[in-house]
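Quick look at what TrEMBL lists:
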- Asp34, Phe35, Asp36, Phe37, Asp38, Ser83, Leu84, Glu113, Arg136, Glu173, Lys288, Lys312: NAD(+) binding site (BINDING)
- Lys115: active site, N6-AMP-lysine intermediate (ACT_SITE)
- Cys407, Cys410, Cys425, Cys431: Zn(2+) binding site (BINDING)
- 593-671: domain 'BRCT' (DOMAIN)
Amino acid sequence: MSPAEANKQIQALTNELRQHNYNYYVLAMPTIADFDFDRKLRELNELEKEFPEFADPDSPTQKVGGYITKEFVTVRHRWPMLSLGNTYNAQELLDFDQRIRKAIGDSFEYVCELKFDGLSMSLTYENGKLLRAVTRGDGVQGDEVTTNVRTIHSIPKKLTAGNYPDLFEIRGEVFMHLKAFERLNKERVDNGEVPYANPRNFASGTMKLQDSAEVAKRPLDCFLYGLYTEKTLFKTHWESLEAVKSWGFNVNEQSRLCSDINGVLEFIEHWDKERFNLSYDIDGIVIKVNNYSQQQELGFTAKSPRWAISYKFKAERVETELLQVTYQVGRTGAVTPVANLKPVLLAGTTVKRATLHNADEITERLKLHEHDTVFVEKGGEIIPKIISVNLDKRKPDAKPIAYITNCPACDTPLLRTEGEAAWYCPNDEGCPPQIMGKMQHFIGRKAMNIDGLGDETIETLYKQQFITHISDLYDLHEHAAELKQLGRFGEKSINNMLDGIEKSKQMPFEKVLFGLGIRYVGETVAKKLVAHFKTIENLMDATAEELTAAEEIGGRIAQSITEYFADESHRQEIAKLKDRGLQFVAEEKEVNLASEKLSGQSFIISGVFEKYSRDELKELIEQNGGKILSSISAKLNYLVAGDNMGPAKLEKAQKLNIPIISDEELLKMID
């Protein structure tokens, strides 16, 4: 390779790997398999060694892959959070073992730990209390996410046992169990949101949320595996694991102490088979030299310790036949292609279907043909994925698979919004899967929570033409006799259904708004909209500019809302629901004023406070005549700032010269 070619390839690989790192760490949406990423990283490393004059000092080979986000306070790590060198085969592990022996002799042990596929986290404890939680970030500094981490039940907020030091850091991995991931991802799909590819992405995305109440709804877990102290308390890593376990930390029970590399290889072989029986994802095994003094002797490279290595499992891959591509229509009209496969055993389960995501996957990336032989992989993803096509087995007369142009359910021509990958059926008033999906969403637990109604009942009522719109549910009492004649419902079940529908009329405005199924309007967004606009009339008449002035409402959400209410049929449906007694006005809490000391003054509460919760401070303000706003503008009088307040709010308040006060200063205004 000529120097010019090498320079071009180094630049291309550097830019590509940086983008993959950004997709993985910031967007929580990886676009490359770990194996392929590591292969490209090694290629870049070899080129940089051969042509050092072209190496970028900030190359991906020289730093940990993570990023700092702009939404959280940045904190510098007391001890750098380094990444580990990766290997995918036994020979490289044997080479690692030989390097260790050459450096420190033959008298040492290894600790083998499961490598959890989650989000790395560093926790600081002072006097037994959780002081701070920080993400890996770029290894030198990370995002402080203490408020979010406090919602994880397996992380102790206060230690009650053990002889722990006054100040220490402990590191671990935040993750999500597979069953919880499947349940929550289904809810995202039901709400018209893009599902996460795997639990790791879901955990990472959750930690980036600004609303800790929303984080608390997502059942995250955490395994701890690394203790850091100013003075060495233990001789070995194994002793430290046993100690932190006794202090109340959640330490994984599957770790093993191995006397030599053969024990390590046996451990790896065992978990390569058994990993599919775990309730959480692992993607490899971490191998560490046990003795701390030997670790110190071995030292570090620029980005990883020399005394540890990560063995990465290869994602299991099988070959099978593509039978056909079918299409599903969601309640928002999004059309999702599904590959139907000849059944094959993969990762301990029989696989019959694989995700295809969108049209580009079929026609551009894979260029699928009829009855192709495909390679299917189940790596970090719960749903199997087609990785590639075996072109050697493609039949000469095989025709390319074209993405459909019309809805498979109602034959309406499909549309695609510029900048989005998915195609949509716009016939939301006449497309059966959309109609049933909207009603199933409306009656769901997180929306109207109607007892006596389930998905199958909705499907039956729709097919029997009792309901075609949500408002028709509230007319079912007029058809009780006809329902009974169907023979599918007993009198008791009909009464339960009608009682549940009647009771749902008392559900608050935010539940009704969420239940309407407006694209991108999830539970949290619905609450923010109701808090800001108060009535459905205000919301329906709001411009995109007025919508984005509300807290956490971006341009994409605003566009979706304005388009929804621009449709006259939606306005008519809301009018019918109002006539039938549903709530479309925000509940006003009765406030007994203690004083009018804050009368005419407006406030925003942001951050975490030691003595009071945000809700308690809001109540104090309202009890003394003050008003709570939902977004920072020139109309705001005071920003009450606590710990961990987002830098964006602080910067905006400073630009507008809005006074920034503490909770103590607020209390002085009331006293």
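Quick reminder: no glycine exception, Cβ is built from N, Cα and C everywhere.
Structural mapping of features recorded in TrEMBL.
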residue	record	DSSP class
Asp36	NAD(+) binding site	helix
Leu84	NAD(+) binding site	coil
Lys115	active site, N6-AMP-lysine intermediate	strand
Arg136	NAD(+) binding site	coil
Lys288	NAD(+) binding site	strand
Cys407	Zn(2+) binding site	coil
Cys425	Zn(2+) binding site	coil
Cys431	Zn(2+) binding site	coil
Predicted model, mean pLDDT over the domain 'BRCT' (593-671): 84
Candidates Lys115, Cys407, Cys410, Cys431 (recorded positions) - the one closest to Arg136 (NAD(+) binding site) by CA: Lys115
Counting only residues 6+ away in sequence within the same chain, which have a CB under 8 Å from the CB of Lys115 (active site, N6-AMP-lysine intermediate)? Ile282, Asp283, Gly284, Ile285, Val286, Ser310, Tyr311, Lys312
Quick note, Cys410 (Zn(2+) binding site) and Lys288 (NAD(+) binding site): C-alpha atoms separated, nearest Å, by 59
Taking DSSP helix as H, G and I and strand as E and B, the domain 'BRCT' (593-671) has 27 helix, 15 strand, 37 coil
Among the binding-site residues listed as Asp36, Leu84, Lys288, the Cα nearest the Cα of Cys407 (Zn(2+) binding site) belongs to Asp36
Taking the centre of the Cβ atoms of Cys407, Cys410, Cys425, Cys431 as the Zn(2+) site, the remaining residues of that chain with Cβ inside 8 Å are Val329, Gly333, Asn406, Pro408, Ala409, Asp411, Thr412, Pro426, Asn427, Gly430, Pro432, Pro433, Gln434
If you draw a 10 Å sphere around the Cβ of Cys431 (Zn(2+) binding site), how many other Cβ atoms fall inside it, taking every protein chain shown into account? 22
Give the distance between the Cα atoms of Cys425 (Zn(2+) binding site) and Asp36 (NAD(+) binding site), rounded to the nearest whole Å. 36
In angstrom units, rounded to an integer, how far apart are the Cα atoms of Lys288 (NAD(+) binding site) and Cys431 (Zn(2+) binding site)? 57
Of all the binding-site residues given, Asp36, Asp38, which has the fewest Cβ neighbours within 10 Å once its own Cβ is left out? Asp36
Cβ neighbour count within 10 Å of Arg136 (NAD(+) binding site): 24
